[in-house]
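Trainee: The structure's right below; bear with me while I get my questions together.
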Amino acid sequence: MTSPSEDPPRLQVNPIACVAHGVCRELLPERITMDEWGYPIVDGSPLPADLVAHARRAVAACPTLALRVDGKLARRR
Amino acid sequence: MTSVLLERAPWETAPALPRLLGTGRKLAEHREAYGGIPLRTFAGEEGRARLIQEVTQAGLRGRGGAGFPTGRKLASVASGKKTPVVLANGCESEPASRKDKTLLTHAPHLVLDGAVLAAHAVGAEKVIICVERGGSLPERLERELAQRKGDPVKWQIARIPRRYVSSEESALVHFVNSGDGRPIAVPPRPYERGVDGRPTLVDNVETLGHIALIARYGPDWFRELGTQTDPGSTLVTIGGAVAQPNVYEIVPGMRIGEVLDAAGGATEPLGAVLVGGYFGTWVPMPEGWSMPLSHDRTGPGGVTLGAGAIFALPADACGLAETARITRYLAEESAEQCGPCMFGLPAIADDLRSVAFGRCGPATRQRLMRRIEMVSGRGACRHPDGATRFATSALTAFAEDLETHLNGWTCSGVSRDPMLPLPKARDRGWR
């Protein structure tokens, strides 16, 4: 068992929290595309080192806190 | 377990079926046939561990659809820090299924005994029985519960909204905790943190019925039927073009044709059989006749019994039209909490409708395939994945029909009355 911090960082989206603002797509087009309804399709494979800072910026910018790097989905309710 | 079992067809070794049905509706009949709950056999910490071990050895798999090993789930819940809770899932929101309602009607005390034993195994003090609201079932269960004196658990009945996704385990936990019957994003899963933040065992009521029998007769008895990886007997709801549509207790490993024969056989030539309900898979007939059914995925389409709903579609019905209609229903049943489900399923349902009834061409097919792929794996719960699995299997099973429809030919099947059942009563809200 490895702790989450030892896993390579990955992007995840909480599909319930996400309401398709689309900010993440603007900030991280390398890893995020959009479906035809404007919702993000997130590449969840391990992030290369040179993208981690960009990914964290996209996470910080998400208006609904739906995007996460590494880790468990945000708990809601 | 033994090679003998594998050499013979699984059901040839069957002692008297049914195991589950026909145990007596009333408590007195049930106790006469089965005696009391064998709690003394599994007394103390050692006994609880042994009970989990016996369920594990029996190889029982969940009968709610996913087929997860029940012993493993019991062990996970039992290992939590807080006192766990047991949820007995008898909602059965699948319109093509009524085996759980049938079991709760014909053998309620077998299920309740199983719930007591499961609670004992994990150390729970409370059992919540989840059933769809409305109808007479909740009140009948209340009356049966009132008959039972001295059960070492606190009983509660939760009346769940009549929505397709409300019987999903995170939705049940959500409803019990907050009165909202929509699924929630997991993790944490209910076995980690569920009702009141406690580890929560969510087991289908048929699964609990099997636990009640395994505790009495042991894992070897349980394994006298079924396959090595899917032992025991299992309830199925057989509908459509068969002589006697009803709930039957069958043995995993039986072939599709034999399962249909259990219901008196097909009444007309069949085009396909839907296995596993509305998250299930269409199997073309007659090629599919000899496909064995169990909770293990079989064949290229990954056919599995799921919760045991089996529907025989006549050759002159239109599988695409049926699929379009049911996909529309599944889209309407979305909790509309996540984009892929809220927008993706209606769009897929529209495309299927165009294919089945309207004007369409190769571009429609491409768009449909693209949308199915786009939605898959992105939902908050398994609802969109279940719906797209069903739609995808229709495109494969009815590939020839699809070509006909795409070339603008009319299909005589679309004028036939719809066959796959939809619920008569549906709730609109989630509370």
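Keep in mind that glycine also has a Cβ here, set from the backbone N, Cα and C atoms.
What TrEMBL records for this protein is below:
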- B:55-211: domain 'NADH-ubiquinone oxidoreductase 51kDa subunit FMN-binding' (DOMAIN)
- B:236-269: domain 'Soluble ligand binding' (DOMAIN)
- B:323-405: domain 'NADH-ubiquinone oxidoreductase 51kDa subunit iron-sulphur binding' (DOMAIN)
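Mind mapping these onto the model and telling me what they sit next to?
Mentor: Secondary structure by DSSP for the domain 'Soluble ligand binding' (B:236-269): 7 helix, 13 strand, 14 coil.
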Trainee: Count up the helix, strand and coil residues in the domain 'NADH-ubiquinone oxidoreductase 51kDa subunit iron-sulphur binding' (B:323-405) according to DSSP, in that order.
Mentor: 65 helix, 0 strand, 18 coil
Trainee: At a C-beta cut-off of under 8 Å, are there same-chain residues at least 6 beyond the domain 'Soluble ligand binding' (B:236-269) that contact it? List them, or none.
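Mentor: Cβ under 8 Å, 6 or more out: 9-11, 14, 17-21, 96-99, 102-103, 225-227, 230, 275, 283, 285, 288-295, 305, 308-316, 419-421.
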Trainee: Average the pLDDT scores across the domain 'NADH-ubiquinone oxidoreductase 51kDa subunit FMN-binding' (B:55-211) and report the rounded value.
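Mentor: PLDDT averaged over the stretch: 96.
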